[in-house]
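Structure record follows, encoded as structure tokens.
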Amino acid sequence: MAHAAQVGLQDATSPIMEELIIFHDHALMIIFLICFLVLYALFLTLTTKLTNTSISDAQEMETVWTILPAIILVLIALPSLRILYMTDEVNDPSFTIKSIGHQWYWTYEYTDYGGLIFNSYMLPPLFLEPGDLRLLDVDNRVVLPVEAPVRMMITSQDVLHSWAVPTLGLKTDAIPGRLNQTTFTATRPGVYYGQCSEICGANHSFMPIVLELIPLKIFEMGPVFTL
């Protein structure tokens, strides 16, 4: 999860997020290289007194500055397309959960567990227990197993919302009248936080998402939902 004064991305809790972090570092190194080359060329231009105004044609130079950017774009596009394909891939999920966005709370349906349905509201400051996070904790957490593929069906009852959990690398829009889906496999237990990531009205900042990830054996033993 996030912590105070954090500069980088949150620690990965899913294979997709691990791939996103690697791609982020890969793209950032290319950007740093481009910035260095531009600054170096600018430095040479400002400090040298040598000029050449008689050049009317530079075929080699034009070839280089046409091919080199194309190669750089390919180096960025190929891993990006690979990750984009992975995010849309559905690999035989163990079970399915439906998430419905409202102004300003979430409803969850465990369709594979007897049609369990519950609402998840942000905890007001007066109801926070020691250790709870202000504006992030909820009254009913979503309990999920680790090391099991989960399919999340996401929609909205009223306006546009977005179901996002950064540590899992998830962000899927909740659109009225449309059912979107995303899949993920958590790799380690813990409590992870997300928020609605689409401006949806006055209380947009007050509809957090809390996932409690537990070992699969414990999840299969019986009721673990804190309702």
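Glycine is no exception: its Cβ is also placed from the backbone N, Cα and C atoms.
Quick look at what Swiss-Prot annotates:
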| type | residues | note |
| --- | --- | --- |
| BINDING | H161, C196, C200, M207 | Cu cation A1 binding site |
| TOPO_DOM | 1-14 | topological domain 'Mitochondrial intermembrane' |
| TOPO_DOM | 46-59 | topological domain 'Mitochondrial matrix' |
| TOPO_DOM | 88-227 | topological domain 'Mitochondrial intermembrane' |
| TRANSMEM | 15-45 | transmembrane segment |
| TRANSMEM | 60-87 | transmembrane segment |
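Comparing Cβ neighbour counts within 10 Å across the binding-site residues C196, M207, the minimum falls on M207.
Remote same-chain partners of the transmembrane segment (60-87), defined as residues 6 or more beyond its termini with a Cβ less than 8 Å from a stretch Cβ, comprise 16, 19-20, 22-23, 26-27, 30, 34, 169, 182. Assigned with DSSP, the residues of the topological domain 'Mitochondrial intermembrane' (88-227) fall into helix, strand and coil as follows: 15 helix, 62 strand, 63 coil. Of all Cβ atoms in the protein chains displayed, 30 besides its own lie within 10 Å of the Cβ of H161 (Cu cation A1 binding site). The Cβ centroid of H161, C196, C200, M207 marks the Cu cation A1 site; residues of that chain outside this set whose Cβ lies within 8 Å of it are G101, Q103, W104, W106, S162, A174, Q195, S197, E198, G201, H204, given in sequence order.
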